[in-house]
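*Asks:* Quick paste of what TrEMBL says about this protein:
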- 20-304: domain 'NADP-dependent oxidoreductase' (DOMAIN)
- 52: active site, proton donor (ACT_SITE)
- 81: site 'Lowers pKa of active site Tyr' (SITE)
- 114: substrate binding site (BINDING)
């Protein structure tokens with residue numbers, strides 16, 4: 001087991017801390033507290049995105065810590081993502097530089113294409129553009145190979161150290177690899193104990209790609225998120241914390257269910273970015289390096305995998321009509337069910 005692993009290493013030698021802070025759904029008011037708490041707890045990996053519209057607050061906190069001498073820039077590992085409204089080769093540099101300005105940084109450690117489907121925004125902060133009928137403003141001309149070449153140019157320019165992709169399927173990742181001059185370093189996807197992405201993990205291991213799991217705890221906060229949008233969750237958000245197998249293993253190790261769920265993925269060699277705005281939880285989520293899971297523990301947790309039925313992030317909930325896009329990454333998944 002990977003008992004002492006605190007980083008995952010990219011093919012280019014760059015090292016990403018295996019535990020980071022997720023910042024999706026964090027309001028501008030919450031994010032300052034969250035990032036401060038994370039840095040104080042020992043986190044050095046912060047996962048951001050242009051789409052979250054809170055990079056500037058993250059940047060203010062990072063700048064304060066660096067200027068106070070509490071952390072060096074080179075000790076930090078900052079991830080952010082190209083928004084879907086920027087999924088055109090000519091827009092990559094523009095949106096990357098906007099993120100750099102907001103984050104108050106000279107370079108990004110890992111820059112990801114947030115999703116393979118391109119959108120057409122009315123302006124640069126119209127990150128989820130919809131028409132009057134509620135359909136997403138989809139750019140049907142998205143060309144992933146040309147988009148990737150523009151991502152490579154940002155490495156050449158020294159604006160990013162590593163590049164990667166998020167929410168891509170295996171065919172799309174293969175297409176990038178087969179046409180890449182600089183291949184992806186990391187793939188960020190939904191991954192948790194009930195959706196363990198075994199095929200994708202095997203694929204990535206074969207191609208020397210690392211994986212970062214978003215929603216490693218099942219993203220229970222989405223219930224409130226959907227409610228605020230007036231939407232019904234496309235599937236039941238899993239309550240992984242109270243699963244009897246997880247609870248039993250947690251009691252055995254005198255740890256929380258959250259820590260068991262994170263530790264399981266870490267021992268699979270997968271990076272995790274649990275999101276929280278609660279300082280106590282943020283601290284607890286980082287206390288996963290002082291124990292390890294037994295072979296029996298790992299086997300029991302492995303049996304919780306529901307395969308494709310465990311998929312919960314149905315983008316069509318947010319982007320009505322996305323299924324018509326030629327680069328829809330999940331053509332055979334509808335509301336968490338495989339067709």
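Glycine too: its Cβ is placed from the backbone N, Cα and C atoms.
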*Asks:* Neighbour count, 10 Å Cβ-Cβ cut-off, for residue 81 (site 'Lowers pKa of active site Tyr'): what number do you get?
*Replies:* 27
*Asks:* Round to the nearest Å and give the CA-to-CA distance linking residue 81 (site 'Lowers pKa of active site Tyr') with residue 52 (active site, proton donor).
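*Replies:* Spelling it out, the Cα of residue 81 (site 'Lowers pKa of active site Tyr') and the Cα of residue 52 (active site, proton donor) are 10 Å apart.
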*Asks:* Reported as an integer number of Å, what is the Cα distance between residue 52 (active site, proton donor) and residue 114 (substrate binding site)?
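*Replies:* The Cα atom of residue 52 (active site, proton donor) is 11 Å away from the Cα atom of residue 114 (substrate binding site).
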*Asks:* So if I measure Cβ to Cβ from residue 114 (substrate binding site) and keep only same-chain residues at least 6 apart in sequence, which ones fall under 8 Å?
*Replies:* 49, 50, 51, 81, 82, 83, 84, 166, 167
*Asks:* For the residue listed as 'active site, proton donor', just count the other CB atoms lying within 10 A of its CB, please.
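*Replies:* Summing over all protein chains shown, the residue listed as 'active site, proton donor' has 23 other Cβ atoms within 10 Å.
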